[in-house]
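Structure, as structure tokens:
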Amino acid sequence: MCYSANGNTFLIVDNTQKRIPEEKKPDFVRENVGDLDGVIFVELVDGKYFMDYYNRDGSMAAFCGNGARAFSQYLIDRGWIKEKEFTFLSRAGEIKVIVDDSIWVRMPGVSEKKEMKVDGYEGYFVVVGVPHFVMEVKGIDELDVEKLGRDLRYKTGANVDFYEVLPDRLKVRTYERGVERETKACGTGVTSVFVVYRDKTGAKEVKIQVPGGTLFLKEENGEIFLRGDVKRCSEE
């Protein structure tokens with residue numbers, strides 16, 4: 001079944017019966033991902049739902065923020081979860097979800113943040129489940145994200161996020177590692193940007209414009225929550 005979280009697209013596969021063994025997952029992903037950004041396997045571990053995320057190239061990732069929102073919506077749509085607050089497991093730890101008029105996902109904590117300079121480009125290396133290189137820019141709409149993002153991605157070993165500060169919001173574009181292209185949205189990417197912006201300005205919530213729409217982030221009691229649009233894009 002296909003889900004889109006602000007244009008970040010995923011194939012979600014019910015693997016609670018272990019029909020697809022671990023060693024077969026990379027091949028399954030490459031053969032079935034099509035033009036989507038990634039594949040999420042729904043697993044059961046000690047009676048709890050586990051989100052097993054793979055990038056479109058078949059590589060495993062510890063976490064995916066928009067994937068977590070899509071995963072949560074999938075569990076709700078299947079009728080497996082009915083509570084307004086619940087948790088599920090991921091390789092980045094236990095993830096908390098709050099459901100009101102939309103889905104808020106508690107993002108993994110920041111395990112690393114440091115200044116980094118690469119080929120004259122200054123930014124921050126931030127890890128929120130997965131690594132990101134975050135850089136502030138001007139004229140983000142004219143930026144060649146495919147070229148510069150690809151160059152920085154291989155030199156930093158991280159996803160690459162460019163952001164511009166606008167009067168009422170931030171604008172973000174991300175080149176994703178493992179997808180190897182710019183995506184319409186990246187949950188851990190906008191979270192990494194929020195962390196950098198928060199530490200610079202003290203902001204506790206922010207609206208972020210991405211190519212796939214608008215995402216919202218807020219910090220409460222030291223925890224960062226993400227929400228945005230999620231919709232089903234196929235019944236398959």
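Every residue, even glycine, has its Cβ placed from backbone N, Cα and C.
Within N32, N55, the residue that Swiss-Prot lists together with N8, G65, N66, N159, E176, R177, G187, T188 for binding substrate is N55. The substrate site is set by N8, N55, G65, N66, N159, E176, R177, G187, T188; from the centre of their CB atoms, other residues of the chain with a CB within 8 Å are D37, G38, A61, C64, G67, V130, T174, V179, T183, C186, G189.
DSSP assigns T188 (substrate binding site) to a helix in the three-state reduction. The number of other CB atoms found within 10 A of the CB of T188 (substrate binding site), across every protein chain shown, is 30.
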